[in-house]
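First up is the structure itself, then whatever we jot down about it.
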Amino acid sequence: MISAETRESSGWLPRLWALMLLVLIGGTFPLWRGEPSALVVPMVRLPASMPHVVLWLPTLAIVLSCLAIVIGTRFDRQGWWIVAVSLCLSFVLNQHRLQPWAYQSAIYATVFATRNPYAARRLLIPIAASIYLYSGLGKLDYQFAHTVGQDFLAAIWIPGLGSLTDRLDRSTLAAIALLLPACEALFGIGLLIPQTRRVAGCFIILMHISLIAILGPWNLGHSLGVLFWNMLLILQAYFLFLRPIEQPTEPEPPRSVAFWVPNVLVVIAMIMPIGERFGIWDHWPSWALYAPHNSRVEVMVHQSATEKLAADLRPFLRDSDGDGWNRVDLGSWSLAKQRVPIYPQMRFQLAVADQLASQCERESAIRAVLRGVSDRRRGNRKEQILFGHAEIKAALRRFWLAHAT
């Protein structure tokens, strides 16, 4: 017999999700403010005369809708639709906003808008489980074992033993590092099986607590968005996987075309990550989290053109070998200016390089090295060097969701 308290708690996940979405946007607010920057890359070509206010109007709609949902009104379903549509519009205006938690929230918003809490759980459990499954499988490769995985192990201090990195050789550490994503993938499978769901949910909560300990400012110092999202996923694990399955406490809305939207989105979100390593689906929407195998671009600007670049970028130029070519630290620049990691996609970073090339004015003052997805077993990548703005623009035209300036 399900208690009245359990039934009443069934509606807490949507409200907590709205609250944490506000916290996440607050922690990464420069990204959502819409300030003009080379780090703003729309998915489509925007009119040059488009008012700047358009870039932050979706953010305002999300914030107001989430506030209304947290307070609790008769219009929660409509509020979630506004959140879903506004997030999608935000992604189109700037694909840097396609953070994993924002993408997840856009899908969840359609579920909250069309399902009662009982029916919502039946849709959310498989997609939540797929996040851990894809995230774990995506890190079972050479790059994670020898880079990020080693960083994670170095951040772990075991009482009586200290750090494993001080006691073991790198090949042994690489093998141990692969146990982390392997366990994550197994937890994801466990979430899909009713008989093991609660146990897997407990391990998921412990995993996120461990990640917060590893990634926090006292350790590896990751961004606030990463930490807040891990907190949100702890709440999700408790409400989706640990609490008893509640019986419906409110009727579902009449079935219309909109009713089937979350079904379609959930199927897409669960199937398309299969194509991530083939370039069919982006890395973050494929849940390639803390996964260093992603495609990327290294940008270099000649010393003679650095004064032409934006002032907030210049502290992130590095000439390590004294040859006059400065490497642009896109990752650190993004964290400092937008409070989020750089979007881990060649398309996006190449579009940023294109905008920087426009600032340089001199055609030959910029270079870019395109690095593809790393090989799972050997870690090597295909590379292509682009000399000058013209070659960068030509390479950018190969992508659908980015445009040359």
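Just so it is clear, glycine is given a Cβ too, placed from its N, Cα and C backbone atoms.
Taken from TrEMBL, the feature transmembrane segment applies to 12-33, 53-72, 118-137, 173-193, 200-220, 226-245, 257-275.
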Between the transmembrane segment (226-245) and the transmembrane segment (53-72), are there three or more C-beta pairs closer than 8 Å, counting only pairs 6 or more apart along the chain? no
Six or more residues out from either end of the transmembrane segment (53-72), which same-chain residues have a Cβ under 8 Å from its Cβ atoms? 14-15, 18-19, 21-22, 25, 32-34, 40, 79-80, 82-83, 86-87, 89-90, 93-94
Taking a Cβ cut-off under 8 Å, which residues six or more beyond the ends of the transmembrane segment (257-275) line up next to it in the same chain? 81, 107, 110-111, 113-115, 123, 126-127, 130, 134, 281, 285-287
